[in-house]
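What follows is a short report on a single structure.
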């Protein structure tokens, strides 16, 4: 009985009805409809491969799209940080003008009125070219005297008989930047007098209070009274309102006269009411009008850098300044250091971008090779299918189109999803979508085109049988030789250019920070940045050409060994596929990139540590708060007993020691600090920090120090000197007279630096040889970072309230100020991790490509008596000849790359942008790191052997019936 809804079966006795001849003819002319669409059928046939390929495209598209957006993000943060973190005095845009001297005093006074100043401010703000914007909340305008006015009141403090000199300033928005401690805000004043407020520091220094009256000279020769109506406390001293002129909040103790006969006096500022600013014309202060605009940085992006520099150039000496003078008059001026801030940011950005480009090229090359290998694996797995189609008349266009549709069905959605994830993860702005989209599009095109193009190339002619494709029959063609020689020339040129010019000096002029007004689209020389990749590429070419020879040589003696495992492994490795150049290239590039990245990060860390120790001389530096006075009682014991302290080196420093000169030296006078040390602990400290290490025996105790040596002026004490001091003293004993004693010194060694005073000339002596012994500084070494600086500072201050504790960790943190530095370091870490991941994937893909052949081999050999353990050993030994050259080559190429490129790579801006100028002069170079060289290489060997053993175990577990079927190709 038929199922419901199914057609009734035909009766055997009744033949099916025959359609009419015309209808049959018409039906026969219609093309038969495909049973199932090609793409859907193929994807359902191998869903695991499709999902894996989609994941690879998703991750690659995500990384490719996230890269430019991440760089944009940290460069934008760096630009904003550079502007907001710089002192407001540097970033403020100040416009000034003075009333024409041809105007009558009443007209000049009108120019200083608050309404006139506000009206001009409203006209000036729109004149600033984009992308310049003004933060009005942090800006100010007003009038001030440009000539200081001596006071006429004898009751004011006069240290050397000189009266205080005042600056009269009438800024706007005082109420929002100060808090009144006493009195009231200054107003218009009575009877035409001026009223002013003063800061609490000014009031304390000049003995002022609310109600005080000071007098200055007027243009008519009569005193002009200024009444103090209130005392204020600044709100945010570092804000632009207070920082442009420090005398607004703190008086300055200044000097007149010569150094031999100095005369000291006070300079202070009075904050006058804006309503009384017109009365400045009645003083001798030569008033001017000013508008100080604080820049707004929240809207700026990294792409605005060049536009910002051009805008500042325009208002500084261009069309923008002309428009400003149309409002303020011909004597208007514009001043700012914002252009220097932007120029410094551009120099830092360009130097960091050049270093980062090396990592980007490396991981990009590895990712491209992995995508090509994936396409090669897919093509190899379907070789017989495509060959059959081609032999049955399928066209190349048809095969390529079907494969393109199959790949696009997976790659396009995966790339779109990766692009969307990158957009969400990085928070990219809508106006910067193009770089990420183009990068994801490039990944999509490679993923879609590599399989059809390779298939079309391999099957451009029908193939009846598969030819051997191994290193035995493969011979490099002339075209390949030309291509390899071309890359050799490019690599040599890139390395030569990098060593001569440096990786951060490839653009010249623009972008380097020397000319902030120049516009440079990019300072990255892509050929120079690709130098490590090119070196790895050349090494891959060499290894591929030489690879079969040692294997064949090793296989000959292996034939005479007992057992066939070793010989079979070497013979099969020597007959491996000629396409093994791609995995080798991927591994070499990945290992070289990892080595170079490790060298960059190691060089940066060492440079920062070195800069920190240059500033402190040890993990912690403890000294008295009053110059180089001896340490307070109990401080040394407190520090030695402090938890986490491993060693303390006491140091006695005496500054200003007058040095004698050896005969024949032009005695123009020279001074240097005398440093008394305990040789044992100090020598260990200098050796650990690599700051002028020396054997402790050079400063051996002569036994002539201490109070008993008073009067023994002929004794000779060994000293270690800096180069200039040693040149002055010579090699003969010379007498010095110091507060620590009088004795002769003989230079026994020369060092360019020493921990106690790393940035100065010095004379190092054993403290036990001094007559007056009193340590002034303690150089503290902690136990592997276990030193609690905050607690140590509290313990020292408990013994000496004026004591000073400097920590190397704090100085090291100060070397990293810009988001450019932290962002670039994070990007380098991600690039190294991504390169390592792609290298692992390349290794696995190379093993997967040969997996069916190896499985068949194991199945056939097991029929001949091969055991499971021997099968695992065979595959492991077969994998090692491929992994070992890649690992050893990666170590050698990575080390060679570091040595070749180190002279041309200066990491100073990346490592030490916030450090002192002395530390910047020392620079930072690549440092070979054992872990980044050896660990990835060892991982390659272990992973290759582990994957081979796992494959042998899995093949033995699932059986060998499928592999032993008749009719298989091999």
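Please read every residue number as a count from 1 along the shown chain.
Cβ atoms here come from the backbone N, Cα and C positions, even for glycine.
Summarising the annotation, TrEMBL assigns compositional bias 'Pro residues' to 1-18. The region 'Disordered' annotation in TrEMBL covers 1-31. The transmembrane segment annotation in TrEMBL covers 50-71, 355-380, 401-426, 438-460, 481-498, 526-547, 581-601, 827-852, 873-898, 930-955. As annotated by TrEMBL, domain 'ABC3 transporter permease C-terminal' applies to 358-429, 833-953.
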**Report entry** Distant-in-sequence neighbours of the transmembrane segment (581-601), which means Cβ under 8 A and at least six residues beyond its ends
**Finding:** 355, 358-359, 362-363, 365-366, 369-370, 372-373, 376, 532-533, 535-537, 539-541, 543-544, 547, 825, 828-829, 831-832, 835-836, 838-839, 842-843, 845-846, 882, 885-887, 889-891, 893-895, 897-898, 901-902, 905, 907, 910, 926-929, 931-933, 936-937, 940
**Report entry** When counting Cβ pairs under 8 Å to the transmembrane segment (50-71), the leader among 355-380, 481-498, 526-547, 930-955
**Finding:** 355-380
Query raised in the report: Hey, which bits of the same chain come close to the transmembrane segment (481-498), Cβ under 8 Å, at least six residues off its ends?
Result: 506, 525, 527-528, 530-531, 534-535, 537-538, 541, 900-901, 904-905
Query raised in the report: Under an 8 Å Cβ to Cβ limit, what residues of the same chain, 6 or more beyond the ends of the transmembrane segment (930-955), are close to it?
Result: 587, 590-591, 594-595, 597-599, 601-602, 832, 836, 839-840, 843-844, 847, 851, 854-855, 858-859, 868, 871-872, 874-876, 878-880, 882-884, 886-888, 890-891, 894-895
Query raised in the report: By DSSP, how many residues in the domain 'ABC3 transporter permease C-terminal' (358-429) are helix, how many strand, and how many coil?
Result: 64 helix, 0 strand, 8 coil
**Report entry** Number of helical, extended and coil residues in the domain 'ABC3 transporter permease C-terminal' (833-953), per DSSP
**Finding:** 101 helix, 0 strand, 20 coil
Query raised in the report: Between 0 and 100, where does the mean pLDDT of the domain 'ABC3 transporter permease C-terminal' (833-953) sit?
Result: 75
